[in-house]
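Student: Quick one: this structure, given as structure tokens, is what I'll be asking you about.
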Amino acid sequence: MDSPKMAELKGLKLAQRHGKSRVRVARVWRDRDGKHHFAEWSVNISLLSDCLPAYIAADNSDIVATDTMKNTVYAKAKECSEQLSAEDFAIVLAKHFTSFYQQVTAAIVNIVEKPWERISIKGQQHDHGFKLGSERHTTEVMVDKLGTLRMTSGIEGLSILKTTSKGFWRFIRDKYTMLPETRERMMATEVTASWRYSYESLSSLPLKPLYFTERYMDVKEVLLNTFFGPSKEGVYSPSVQATLYEMAKAVLGRFPDISFIQLKMPNLHFLPVNLPSKDNPVIVKFDDDVYMPTDEPHGTIQATLSRLRSKM
């Protein structure tokens, strides 16, 4: 005979998940020589739990309270006596929730790190002074009870611009098209990148401290170098799509432990100011150009590249 729980759920499949979002925590680490290190994280936690009675019988005995999740973030941050990356802190939290609570089958921890940067005074780095930068470091870690791991990292809000070496021509033209073709224009965008690491278990992770912080900085450097090219001559871009592809390909070619990368790069528009005259009735370019930043809708330009798995 079916139990009341099974009878009530017959013919239905219930996926259960609950969590806590936007837990803000900051951590200071102090070296013996007086130099301080600082990180500020916004933490989101999602627990996949076997807590069916909470849904069908108003029994909360298997629920991990959101207050508990919030306080766990603070407690675990305090326990991390050595400086660590956002990725490693996400792993610390995910491991705790899946090992400490029997009913939690998997934990997903998402962290956005604020870009606090060490400040320099008269060319010398300050021991305990920081300023807020722009782009944000992101990560999402999923861990289950067996130690299976899925980890992604990324960048949000990386605004970049070059004032030349960009074109766009031979695109589809129809009665709705007003954009003129050009082989010379400004290129500005805001990069959102997300990449997946190939580590599939906790035991396979590199042991080097701050490994993922260094990898984040290295990936950002490759993206920027590919976008801008050499400092003097630069690199020409025939389209945002072509540049985006080269940036993604460069990351996969440089880092063997990254198996997948997704890039989003909408155009930030700067349109030449049109000052028509009898001699020049259309937009013309001068040696020194004046542009009008616009808030017109951005085009969605994105691509995903991943490594092909070799067949056994």
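Every residue gets a Cβ built from N, Cα and C, even glycine.
Quick paste from TrEMBL:
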ACT_SITE  Lys20  active site, charge relay system
BINDING   Thr66, Asp67, Phe168, Arg185, Val240, Gln241, Asn267  urate binding site
BINDING   Thr66, Asn267  O2 binding site
BINDING   Thr66, Asp67, Phe168, Arg185, Val240, Gln241, Asn267  5-hydroxyisourate binding site
ACT_SITE  Thr66  active site, charge relay system
ACT_SITE  His269  active site, charge relay system
Student: Any idea what the Cα distance is from His269 (active site, charge relay system) over to Asp67 (urate binding site), rounded to a whole Å?
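Tutor: So the alpha carbons of His269 (active site, charge relay system) and Asp67 (urate binding site) sit roughly 44 Å from each other.
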Student: Neighbour count, 10 Å Cβ-Cβ cut-off, for Thr66 (urate binding site): what number do you get?
Tutor: 14
Student: Give me the CA-CA distance between Arg185 (urate binding site) and Lys20 (active site, charge relay system), in Å, as a whole number.
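Tutor: A Cα-Cα distance of 45 Å.
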Student: Quiz question: given the binding-site residues Gln241, Asn267, which has the greatest number of C-beta atoms lying within 10 angstroms of its own C-beta?
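Tutor: Counting every other Cβ within 10 Å of each candidate, the maximum falls on Asn267.
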Student: Write out the long-range same-chain contacts of Phe168 (urate binding site), meaning residues 6 or more apart in sequence whose Cβ is under 8 Å from its Cβ.
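Tutor: Correct list: Leu179, Glu181, Thr182, Arg185, Pro238, Ser239.
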Student: Listed urate-binding residues Thr66, Asp67, Phe168, Arg185, Val240, Gln241, Asn267 - what's their greatest C-alpha to C-alpha distance in Å?
Tutor: 53
Student: Please report the distance from the Cα of Gln241 (urate binding site) to the Cα of Lys20 (active site, charge relay system), rounded to the nearest angstrom.
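Tutor: Here the two Cα atoms are 37 Å apart.
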Student: Between Val240 (urate binding site) and Lys20 (active site, charge relay system), what is the CA-CA distance rounded to a whole number of Å?
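Tutor: Rounded to a whole number, the Cα-Cα distance is 37 Å.
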